């Protein structure tokens with residue numbers, strides 16, 4: 001098979017030009033006589049790659065100088081635990097706004113260390129909407145307020161940054177970072193596993209407002225201390241070098257393509273194509289999320305029955321449209337439309353959807 | 001430059017055939033229409049790759065069925081903290097035998113969670129020897145005894161497994177796992193970052209005797225709980241899939257080359273070549289480790305002065321012998337001779353050493 005359009009929710013599709021470069025450099029990177037996966041993270045060669053990736057990410061996302069940027073191993077879940085360990089005192093209240101599966105996971109990681117207050121929870125409504133800001137029960141003096149900017153499974157996305165006052169806002173941006181312009185200064189911490197919009201699996205990005213390092217947090221191993229990682233430029237221990245390098249190639253590709261403004265345009269176009277196809281299907285396809293908070297990145301939708309759903313998954317795969325099966329927590333179909341998924345991919349999907357409906361509707 | 005002989009201590013050299021396979025599959029793995037770095041860890045395709053890697057590692061190292069094998073993100077340092085969190089009660093005594101830099105790092109990670117007893121410490125002797133077993137001050141009822149099987153920086157290696165009685169023995173095998181036959185049943189836990197003898201950076205292997213899961217350990221996030229990882233076959237969250245895949249290719253290469261017996265033979269030969277060159281140099285080259293505990297994997301050695309050391313580093317690099325500069329903690333030269341470094345590489349090094357001495361001795 002040649003390369004297909006890949007709608008995987010993560011690990012997810014990467015730009016073909018980035019994969020081709022990684023392929024070309026696999027045995028001998030930059031003429032050094034070895035692959036980049038074989039050289040020391042403490043070599044000048046790798047340190048330059050790492051620094052360039054950070055500089056490019058700062059430019060791409062617009063990260064102010066008073067924020068540290070860490071490239072660390074582990075996915076977002078690890079950081080959900082480390083946020084509590086680093087920035088909340090033992091047992092201190094932390095406020096969580098739950099708008100889907102990943103918000104619940106975030107709470108699970110924080111609970112051993114803090115007093116979790118669920119300030120708002122969309123579960124009673126099936127996570128089809130985001131509870132309105134004026135209904136949130138925030139705690140004065142909480143260590144932080146945590147939100148999930150985009151819920152990968154439930155397809156619900158904050159379309160504006162909520163105002164939570166003086167308490168720092170922490171946000172899981174795993175599935176929407178760099179997909180549109182973002183005002184980083186409104187957040188205390190932004191974190192993201194790279195494997196959706198930023199590059200390969202195996203590395204996470206953590207963006208931390210530096211004044212938060214003054215918090216003592218709670219007793220923890222040095223390897224769990226963000227300050228130690230920041231002081232050593234994310235090389236406290238051996239970082240996932242190849243993954244970091246590949247993320248850096250993706251950053252350069254995004255900048256060359258026009259930056260987050262251009263990706264915001266493409267992502268709006270791609271998601272409109274798919275939502276319009278759903279909404280114009282007369283109920284054959286069904287997305288249950290309130291339009292104002294529909295995700296531009298992950299679109300879960302349903303067919304009339306299980307037989308049609310299975311047929312849709314099988315036939316779309318045969319047609320070169322990969323990984324459209326929905327997450328088991330919600331079922332149905334899910335199309336993920338990250339930065340590296342071209343507009344042509346979304347168009348091919350809606351063409352397939354219309355054809356499938358004609359044959360089965 | 002074509003591919004050089006790479007003596008990096010880690011990330012380290014990989015088999016060229018493995019890199020060539022990864023290169024060939026970079027844009028389309030196994031005909032699925034995507035790279036393996038772009039497909040879901042929960043796909044049947046990746047689950048098969050993951051299971052095969054575990055089965056191959058079990059065969060290669062000889063891991064009994066009553067041991068779990070985890071493939072996790074983070075390097076060995078993360079696991080030095082997790083060992084304490086998972087297997088020691090809060091404040092319980094743990095015994096550490098320190099034979100170099102990494103033993104000290106291990107203690108640093110455990111200290112916030114346990115009462116660390118340094119049962120033996122080679123630092124007073126410059127880490128040139130391993131304190132004899134009958135001098136160790138072990139604690140009856142300790143949660144575990146921790147050793148570093150091979151000290152990557154100081155070049156000191158346990159050549160036998162110490163008998164520590166009923167208390168489980170935990171060992172950092174990052175730089176020597178799969179380099180010779182190993183009786184896993186003598187250990188409670190064996191852990192290793194993959195980036196030296198097992199494959200690429202970005203994934204660690206943790207081998208745990210299953211009865212240890214009955215220990216409650218201490219309060220911790222779910223993502224820090226080895227039981228949760230074991231229950232989900234190391235897919236509690238998104239694992240570093242590409243790194244896991246590449247490690248699996250290295251396991252298959254090691255099995256095809258003849259397994260750990262064959263690598264024990266090659267590693268003995270390679271290290272003998274280098275130690276013999278040092279010992280036959282009339283003091284021009286100097287290794288300070290007691291011969292009985294000299295590492296087969298990492299050979300630190302010294303030249304008469306700094307000028308010669310710098311010249312050695314520069315000229316060896318120009319001659320296609322990479323990454324021979326010693327770690328800054330000890331200085332001098334270091335040659336790492338992991339499984340993927342061919343015998344021809346060690347021969348090329350000793351040829352260079354003799355030539356360099358003739359020109360500079």
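Using N, Cα and C of the backbone, Cβ positions are placed for all residues, glycine too.
Heads up, TrEMBL stuff is auto-annotated, nobody curated it.
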**Prompt:** Say TrEMBL lists A:76, A:77, A:102, A:152, A:172, A:237, A:238 as binding pyridoxal 5'-phosphate: which of A:59, A:195, A:218 is in the same site, per that record?
**Reply:** A:195
**Prompt:** Rounded to an integer, what is the Cα-Cα distance in Å between residue A:196 (N6-(pyridoxal phosphate)lysine) and residue A:238 (pyridoxal 5'-phosphate binding site)?
**Reply:** 23
**Prompt:** If you measure residue A:76 (pyridoxal 5'-phosphate binding site) to residue A:42 (L-glutamate binding site) at Cα, how many Å is it?
**Reply:** 25
**Fill in**
Note: in the chain of residue A:238 (pyridoxal 5'-phosphate binding site), residues six or more apart in sequence with C-beta under 8 angstroms of its C-beta are A:41
**Request:** Would you count the other C-beta atoms found within 10 angstroms of the C-beta of residue A:196 (N6-(pyridoxal phosphate)lysine) for me?
**Result:** 31
**Request:** Select from A:77, A:195, A:196, A:237, A:238 the recorded positions whose C-beta atom falls under 8 Å of at least one C-beta in chain B, and return them in sequence order or as 'none'.
**Result:** A:77, A:195, A:237, A:238
**Asked** Of A:42, A:77, A:102, A:152, which of the binding-site residues has the most Cβ neighbours inside 10 Å?
**Response** A:152
**Prompt:** Does residue A:237 (pyridoxal 5'-phosphate binding site) have same-chain partners at least 6 apart in sequence with Cβ under 8 Å from its own Cβ, and which are they?
**Reply:** A:223
